[in-house]
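Lifted from Swiss-Prot, the feature list:
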type	residues	note
BINDING	Asp40, Gly169, Gly230, Gly251, Ser252	D-ribose 5-phosphate binding site
ACT_SITE	Lys97	active site, schiff-base intermediate with D-ribose 5-phosphate
BINDING	Arg181	D-glyceraldehyde 3-phosphate binding site
Amino acid sequence: MASDGVVTVYGDGAITDTKVSSYAVKVGLAQMLRGGVIMDVVNAEQARIAEEAGATAVMALERVPADIRAQGGVARMSDPGLIKEIKSAVTIPVMAKARIGHFVEAQILEAIGIDYIDESEVLTPADDXHHINKHNFRIPFVCGCRNLGEALRRIAEGAAMIRTKGEAGTGNVIEAVRHVRSVLGDIRKLQSLDDDEVFAFAKQIAAPYELVRQTKQLGRLPVVNFAAGGVATPADAALMMQLGCDGVFVGSGVFKSGDPARRARAIVQAVTHYNDPHILAEVSCSLGEAMVGINLKDEKVERYAERSE
């Protein structure tokens with residue numbers, strides 16, 4: 001067992017420390033979502049559509065990221081009443097977003113019985129210097145990252161699940177691809193280093209040494225790593241799975257499309273059968289119009305992924 005609350009998720013051995021044991025439980029809960037699709041929903045009807053399509057969880061929101069981009073202003077935690085309404089409509093786990101650093105929003109979400117909390121850069125950050133201490137909560141947190149250093153810093157704070165940041169609400173998968181390639185590329189580089197070089201690498205990426213060492217041993221992140229931010233089609237979802245992700249978040253891509261129920265089912269099938277081009281071709285047919293995407297080369301587009309490190 002590594003020190004500083006590090007849990008060898010994919011290894012064996014008894015866990016005796018209470019705090020570490022609690023974290024291990026949260027990591028285990030996050031692993032239960034592995035291989036699945038998590039969909040953004042704004043009402044009970046959409047939540048039921050997502051569940052019927054085979055989603056492993058839903059993210060309860062007042063506005064999907066595409067609407068947050070279009071409408072601007074300050075994006076905050078959703079109304080707890082809406083979240084409870086969505087939670088009562090489905091049997092699958094329900095997630096909700098809290099602003100970065102806003103531990104009181106997280107306390108409220110925990111109090112209403114939410115299953116997972118996403119400390120999300122999609123919402124307007126409440127603290128530009130500190131993230132939530134996620135070890136203070138009983139329920140699992142998911143956090144975004146652009147690279148291995150960010151991922152391991154969030155895990156050190158208590159995140160039980162990592163996702164790419166991508167660029168939510170754009171329907172453009174390029175940043176999600178960039179982020180997952182960065183994380184996996186750094187892990188491959190890490191595995192080629194000798195033990196002495198690992199210290200310098202940990203310092204270089206500003207991550208705790210014990211987590212860096214554990215990642216080298218595992219050959220992967222010590223928690224599940226999902227794709228998020230710009231996934232809009234079954235092909236996008238399968239691409240992220242083939243690149244090495246453990247599952248996929250789909251935000252605006254489903255309910256901003258021409259046939260949400262059909263597209264939701266297709267994306268779930270694409271994640272399940274991501275290595276079978278014949279099934280991918282079949283589920284990609286006749287889905288209706290995809291959401292209108294945003295060109296990220298436009299300098300006017302706000303980069304949510306840059307809101308925290």
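The backbone N, Cα and C atoms fix where each Cβ goes, and this holds for glycine too.
Locations of recorded Swiss-Prot features on the structure.
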| residue | record | Cβ within 10 Å |
| --- | --- | --- |
| Asp40 | D-ribose 5-phosphate binding site | 28 |
| Lys97 | active site, schiff-base intermediate with D-ribose 5-phosphate | 27 |
| Gly169 | D-ribose 5-phosphate binding site | 27 |
| Arg181 | D-glyceraldehyde 3-phosphate binding site | 14 |
| Gly230 | D-ribose 5-phosphate binding site | 29 |
| Gly251 | D-ribose 5-phosphate binding site | 29 |
| Ser252 | D-ribose 5-phosphate binding site | 26 |
Where Gly251 (D-ribose 5-phosphate binding site) falls in three-state DSSP terms:
coil
Using C-alpha atoms, which one of the recorded positions Asp40, Lys97, Gly169, Gly230, Ser252 comes nearest to Arg181 (D-glyceraldehyde 3-phosphate binding site)?
Gly230
State the Cα to Cα distance, in Å, between Gly251 (D-ribose 5-phosphate binding site) and the residue listed as 'active site, schiff-base intermediate with D-ribose 5-phosphate', rounded to an integer.
12
